[in-house]
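Engineer: Before I ask anything, here is the structure I am working with.
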Amino acid sequence: MKARRNKKQVPSFRKLLKTSKVKLENKLKNKQFKQQSTLKKYRKEQRKLRQAVKDAVSKRPVPLEDPKKKRPGKRIEREEEEEEEALPLDMMDEDDLQLMEDLGQRASFLTRDLSSSEPVHARKRKHEHVMDKYEKIPRTLQTVPEKELIHLLPIKDKSGIIPQTREKPVIDSNQDEENQEEMELEEEIIEDPIRELTIEEHLFERKKKLQEKKMHIATLASAVLSDPESNVKKLKELRSMLMEQDPDVAVTVRKLVIISLMELFKDITPSYKIRPLTEAEKSTKIRKETQKLREFEEGLVSQYKFYLENLEQIVKDWKQRKLKKSNVVSLKAYKGLAEVAVKSLCELLVALPHFNFHNNIIVLIVPLMNDMSKSISEMCCEAVKKLFKQDKLGQASLGVIKVISGFVKGRNYDVRPEMLKTFLCLRIKEVEVKKDTEVINKPKKFMTFKEKRKSLSRMQRKWKKAEEKLERELREAEASESTEKKLKLHTETLNIVFVTYFRILKKAQRSPLLPAVLEGLAKFAHLINVEFFDDLLVVLHSLIESGDLSYQESLHCVQTAFHILSGQGDVLNIDPMKFYTHLYKTLFKLHAGATNEGVEIVLQCLDVMLTKRRKQVSQQRALAFIKRLCTLALHVLPNSSIGILATNRILMHTFPKTDLLLDNESQGSGVFLPELDEPEYCNAQNTALWELHALRRHFHPVVQRFAAHLIAGAPLEGSEALKPELSRRSAAELFEAYSMAAMTFNPPVETSCPKRKDKVIQGDSFFNEDLNQLIKRHCNEVATHLPLDFTKCLKTSLR
């Protein structure tokens, strides 16, 4: 009996949730079909009733006697009727009486002739059965109307002329009547037309509907947030609003529901992954609280799954430009819906990397990173970057990297460069990747009881036991992943990244992905295995020499090469003179126009090439670079000049003997050759930094300050020393800080407004005392008017 009871259990919440959209549509169709069939039956009955009334009024009932028998005159009939009517019931037989009562009950009101008061069964004879009389009446078969023929053109054959005819189609009068009655009913229904609303009334109605929907969404969401375990079923009700059919508010309501559900799932989702229960776990008896928690987790996972499927369907409909049958949402509105759906997927990708279906979200997001729509592509790339930056362990990053690598290979490297630029946000630099041959430090093991008994005393064993217990509790409280696991994940991620980079270097050297690849190699070059260094340097140099690269791409090649050599490459005995020569030769390609942005990469390259490799750099090379950088500072933008002068300051501190460039006297033999592309042989020691005097009169105040500082020998103290906000920043930071990308002066020019004076000086106070006395004396003298004689002056001029 117990087993039978267990079989007839109430269906679980998960089964109740499996009511699909198809079932709901089928139920709606069946309901409509039933209503239509009921309406048709009602119309048919009404039609039959009207026909019966017409027949009863227009026709007389068919008598049950033989119609061929001659009827007596009217007089005889009237006499017989009078006799039968006058015949009392006492004189009738019991059989006849019973028969008349039965026939009176069965007689229909509609089959009688209403024009006369003649009884229906007036001419019945005694002991004569009605059914026998009815059987004697001859049957009149319904005459089939003759079919009319239409004569067509004859056909001529070998045998002769064959006439051709066709039957004229017979129009069914009953069907015409039905159609006419249906049209009449429809006209009756459409008698009261709906009044057309004005634009203002329509907008008011839409606003009212939208407010009602918003209140409904807010009510459901607040109920779920207040008690998620009890109200998890309301998620289904909220999700059903994604199928809103009202065309006035459908798009807005669907967007609101998508955002609301996304925020709900972010809030109520637990911080662990929910796994399906095993058969053994389902069969065991548990407490009510545990059962309630299980039902909540089951419902949450199923609703989360359905929600993600809805978002995927919205994006697919937009991509395929597919219009639904309901025609509620237009094709133009699908893009707005798709953008909201993609935004929700991006939020869930970043917020719930630990929860179920995270890999499914990754598979949806990665192809959208290469979408034609720039807004959607940027949205997905930003979400992936954010995920990489916050992923400390590396599990989620590994999943994304695998999907991106497969997608790039599947598209034959024809993807947006932004996809590969997301690799730069990986947090692998925090962990040192070791060689495969090196043994990774194993985690600390606790001593066994036998080892403790051999080496420790009783008191020491007691203290050791307490110490080990405390360490275990600390490990559980921290809940931190072991270094070994993190190292394994990061190593696997790096392998996939480098495989992608090397494939592009090998197969797609002219691809627009090359700058992103070179930039990534420059960032992770110190983590590459030493075995690949020689081959990678050869590939980079061949790319530079090919001439197919742009200037920035060649700079990335140089930067990658020196990052390789500055890490584990210090062990190798490689002289990268060809990379120094290439950078020295191409420095003058920078100017105040389009290539000004390349100055930042040049500053990073100079830091790696000269400052960090100071022991491998000769004095001649350092002098040549300082001289060329000062010349370059004359014809670039102010922020670039500041960065270049900051680099020269660092180089003068790194190589103290370079201060001879501040002296006019030449050192050694030879003449400076500025047009020579070899920094080692251009005789830079025989020149001076005259460019600093020109930069000292620059319009930018910071450039003036740096030029004066370098002329004084770049002192660390004194009046010519730099302020801390300038001296503590690197060259790249100064380049960004004083950028003029906003098309304004940075720092802004001070306004020269005149100082307002409190007192206005009037009269004598403008002049000194001597001048005042002279003015008074001339004013007091009496003016004597002498006659003017111009002839004297004329005579003297003629002489």
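Each Cβ is built from the backbone N, Cα and C atoms, and glycine gets one as well.
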Engineer: Between 173-207, 453-487, I'd like to know which one TrEMBL lists as coiled coil.
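Structural biologist: Of the candidate stretches, TrEMBL labels 453-487 as coiled coil.
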Engineer: Could you put numbers on the helix, strand and coil content of the compositional bias 'Basic residues' (40-51), residue by residue per DSSP?
Structural biologist: 12 helix, 0 strand, 0 coil
Engineer: Using DSSP, how many residues of the domain 'Nucleolar complex-associated protein 3 N-terminal' (213-307) fall into helix, strand and coil, respectively?
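Structural biologist: Per-class counts: 68 helix, 0 strand, 27 coil.
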